[in-house]
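In what follows, a structure is listed as structure tokens, so that the remarks can point back to it.
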Amino acid sequence: MAEEVSTLMKATVLMRQPGRVQEIVGALRKGGGDRLQVISDFDMTLSRFAYNGKRCPSSYNILDNSKIISEECRKELTALLHHYYPIEIDPHRTVKEKLPHMVEWWTKAHNLLCQQKIQKFQIAQVVRESNAMLREGYKTFFNTLYHNNIPLFIFSAGIGDILEEIIRQMKVFHPNIHIVSNYMDFNEDGFLQGFKGQLIHTYNKNSSACENSGYFQQLEGKTNVILLGDSIGDLTMADGVPGVQNILKIGFLNDKVEERRERYMDSYDIVLEKDETLDVVNGLLQHILCQGVQLEMQGP
């Protein structure tokens, strides 16, 4: 199968169990588009981690680096990042140990942002003026899913308003997209006063964070899943899907590559090391969808 799906021969692809990947891709192909849904993280998964050696901004960074944030606030947010990010990606701490730190980080950051008199109309401008970039091949990815009626569930611990605006400005915000994220709550005068619903951080991206969405229940029959993430916390994103039959987990290994490679290879079926494109995902989709059509035409 690895021979058939030429995209898996790419140098950035790591697989602990190629035979297992072969089986899963075969099952996804058999089910075709009718049975498939895609569940993805956003920051550093659909968006780029780096471009020309320079780090790209996350949905939070876009706001942090913008003109609408005071210098004072920016310094405080940067201090939080320097304190908590090493904890988030520390391979020697368990998720349980990291949890309280993540809640603390997100809560402090949200409180700082709420003091900034951010207005709803400013979001589009902030995104326009940022260095936000989606991964190479994003148009093919979003359009393929849309044209084949494959639901795309974006589960993000970032800022929903920002990432939605990025996708809109890239002209790929199609009706098959559903987003669960930290959405801003503006008061009647249009100023940011808080964030809606339950706080979503790196390590609670599971069914508990979106049980109220009822989203997966509507997708009965979509029992095959492609999951895309860039952190160990992303592995639970499909936990709310009832009756999953086949799931292919693809992980982008962007940072601290040496320290985290083994853990990622143990956790994800396919690991993409320092790969800033969606080539492998697009190649797999093409393979699954083409074969799905052929199988239908051939009959049982």
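Even glycines carry a Cβ here, placed using N, Cα and C.
As annotated by Swiss-Prot, Mg(2+) binding site applies to ASP41, ASP43, ASP230. According to Swiss-Prot, the active site, nucleophile annotation covers ASP41, on the basis of similarity to another entry. Swiss-Prot lists ASP43 with the feature active site, proton donor, giving similarity to another entry as the kind of evidence. If you look up Swiss-Prot, you'll see GLU88 marked as CMP binding site. The feature N(7)-methyl-GMP binding site is assigned by Swiss-Prot to GLU88, with similarity to another entry given as support. What Swiss-Prot lists as substrate binding site is SER156, ALA157, LYS205. Look at Swiss-Prot and you will find LYS256 tagged as N6-acetyllysine.
Here the features listed in Swiss-Prot are placed on the structure.
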residue	record	Cβ neighbours (10 Å)
ASP41	Mg(2+) binding site	25
ASP43	Mg(2+) binding site	26
GLU88	CMP binding site	18
SER156	substrate binding site	26
ALA157	substrate binding site	26
LYS205	substrate binding site	25
ASP230	Mg(2+) binding site	24
LYS256	N6-acetyllysine	12
Going by Cα-Cα distance, pick out whichever of the recorded positions GLU88, SER156, ALA157, LYS205, LYS256 is nearest to ASP41 (Mg(2+) binding site).
SER156
Near SER156 (substrate binding site), which of the recorded positions ASP43, GLU88, ASP230, LYS256 can be found within 10 Å, Cα to Cα?
ASP43
When you put ASP43 (Mg(2+) binding site) at the centre and draw a 10 Å sphere around its Cα, which of the recorded positions GLU88, LYS205, LYS256 have their Cα inside it?
none
Between the Cα atoms of ALA157 (substrate binding site) and ASP230 (Mg(2+) binding site), what distance do you get, rounded to the nearest Å?
12
DSSP three-state assignment for LYS256 (N6-acetyllysine):
coil
What whole-number value in Å do you get for the largest C-alpha pair distance within SER156, ALA157, LYS205, the residues recorded as binding substrate?
8
Could you tell me the C-alpha distance between ASP230 (Mg(2+) binding site) and LYS205 (substrate binding site) in angstrom, no decimals?
12
